[in-house]
Protein chains: 2
Amino acid sequence: MGVMRLRIDLGYDGEGFYGWALQPNVRTVQGEVENAIRRILRVPPDDSEDPVRLVVAGRTDTGVHASHQVCHVDVNASTLSRAKGHMRVSAVTALEHRLQRIVPDDIAIHSVSAAPEGFDARFSALERTYVYRIADRGSGVDPRLRGCVLHIDDELDIDAMNQAAAMTIGLHDFGSFATPNPGGTTIREVKRAYWERVPSTPLCAGIAPQAGRVAAKAKAKTKTKAKTKAAAEPTESPESTEATTQSYVVPALESGLVCFTIVADAFARNMVRSLVNACVQIGVGKRDLDWFAGKMEVPEREGSTGPIAPQGLTLEHVAYPPDSQLASRAQSIRAVRTLS
Amino acid sequence: MGVMRLRIDLGYDGEGFYGWALQPNVRTVQGEVENAIRRILRVPPDDSEDPVRLVVAGRTDTGVHASHQVCHVDVNASTLSRAKGHMRVSAVTALEHRLQRIVPDDIAIHSVSAAPEGFDARFSALERTYVYRIADRGSGVDPRLRGCVLHIDDELDIDAMNQAAAMTIGLHDFGSFATPNPGGTTIREVKRAYWERVPSTPLCAGIAPQAGRVAAKAKAKTKTKAKTKAAAEPTESPESTEATTQSYVVPALESGLVCFTIVADAFARNMVRSLVNACVQIGVGKRDLDWFAGKMEVPEREGSTGPIAPQGLTLEHVAYPPDSQLASRAQSIRAVRTLS
């Protein structure tokens, strides 16, 4: 029956993990997911036939989150069939359902699927998107988000930070902003990098149904600003005169946060958090753009910034080429990485 | 010098609290904030001159969050002046800064201000806005939000739930959906109530600066859909041909969630969570709209739904009338509540 490669899409809250990568005696995302798969497929640890070893697109550090991570695992088809049990679905779908049920609640399995020919979660990937979220003085603080947002007291100068971010775009050696990689390279291609204060947008379109009217009418498809801020519909109660104040519009949770979005082919170790730290230093006036330009020009870790706190960072996306290009992409990247 | 009334605006993550209201031997929001104020003003517990007793707009239950709660406290002006220390700001501002610094990180003090004449956090309030957040089968699950979102396996029928919600609007006896209030009333006026699946909106406007261009240009003010989904700007690297895939747009965290927004003059005990539970039963097909209509018509707790899990619920807003109407509003509400 041969070996099947499965693609697993998942998310996690990084707070309770020592990062993605398997390590002895500590809780890691890889460890939790591998163990869950072994339990479902009844594979003992260290089984040489079925090692159940995940290969991941973006190894995240301790405390870093992922809303959408991708990994793959190779499993013997005969072993995989054990996932079915009494379920009347394919073995892959059965594994998906069972995994979703048994992983701890800080991991979410988005999907499990048969990987297309040539797919490699790590080497086929075209680009990774990370977002770093900060609540500064201009944001307001929402304690519900403190697990995935860094809070700083100052107000950030977003224009200055964006001027630094713009310098990172293109093919550069990020040696100033990455943990040294002996025998490897810190050259990466940044495709997009920018800071933005999230505009205050309403959580919902907020078309309030009136009493007695069928509520399905509320499904208006156009959501203009004017409509989302529509005043409260006057009610017929005796107190309605004092209720004609403009109705409050609940904002989306992230309204006002300062977010850094960065897209690159791949990232060197600690690169995003070191760049964020450098930009924040600029944003609060502790460093200037000339210093940043110098660090981009001469890749030197000395005198640079270390990584900022992990909890603000989330891996948001991994992009892959069309199925027909998966194998060639993996081959070319593997060649580059091996050279370095 | 007399007594000063202070208005305190705050938010909290309800997970670590046994609700708002002070109780012996357990952690409550009121207890934490009162203790913090006493520490700053050096007032011993049970001080009869300065009891430091908070009066709140919306008493939240165990596990319920608030993004924006309002309370007031009366303090002798001479005691309040102790907040200043060496700070060159008013005593009120000094108290605000110190409180912000010493409260635990699951509480955020948004502001402390001198309350206008006639202000009463509870009795002057015109209306309260709550939101309940659910991740259903159509939402996708983000583990970072599991502390403030209820996860259910089924897909919800939002149209049906909205038909139930529409029946709650107006002045009704919510006895079917509230913990009995002996000697009191469960009559409340719901002003708005609706369910909505949060549209998938981009986190940021996403105007990526190009390398070398001054990034401040990115502050475009119009954010049309077309622009937010702008393709990745082609870069000059040799690999750029394969990077011309449409760039991924990071969605706002709450995209796809099913949210219930409800605004009322006030809420009976457990009313929001019991209504949400009833609507969810309808949304998954376990109860029908006739049953709901009957429970609205005859207020009877028996055969009704109890409160749903607290973690999905957040007090989002408390509205007050213009300063000139604060005292008369408080007087009229106090009279109604005393009668009941």
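Including glycine, each Cβ sits where the backbone N, Cα and C put it.
Features reported for this protein in TrEMBL:
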ACT_SITE  B:Asp61  active site, nucleophile
BINDING   B:Tyr130  substrate binding site
COMPBIAS  B:229-245  compositional bias 'Low complexity'
DOMAIN    B:164-321  domain 'Pseudouridine synthase I TruA alpha/beta'
REGION    B:222-245  region 'Disordered'
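If you measure from the Cα atom of the residue listed as 'active site, nucleophile' to that of the residue listed as 'substrate binding site', you get 13 Å. Cβ neighbour density within 10 Å is lowest for B:Asp61 among the recorded positions B:Asp61, B:Tyr130. On the 0 to 100 pLDDT scale, the model's mean across the domain 'Pseudouridine synthase I TruA alpha/beta' (B:164-321) is 80.
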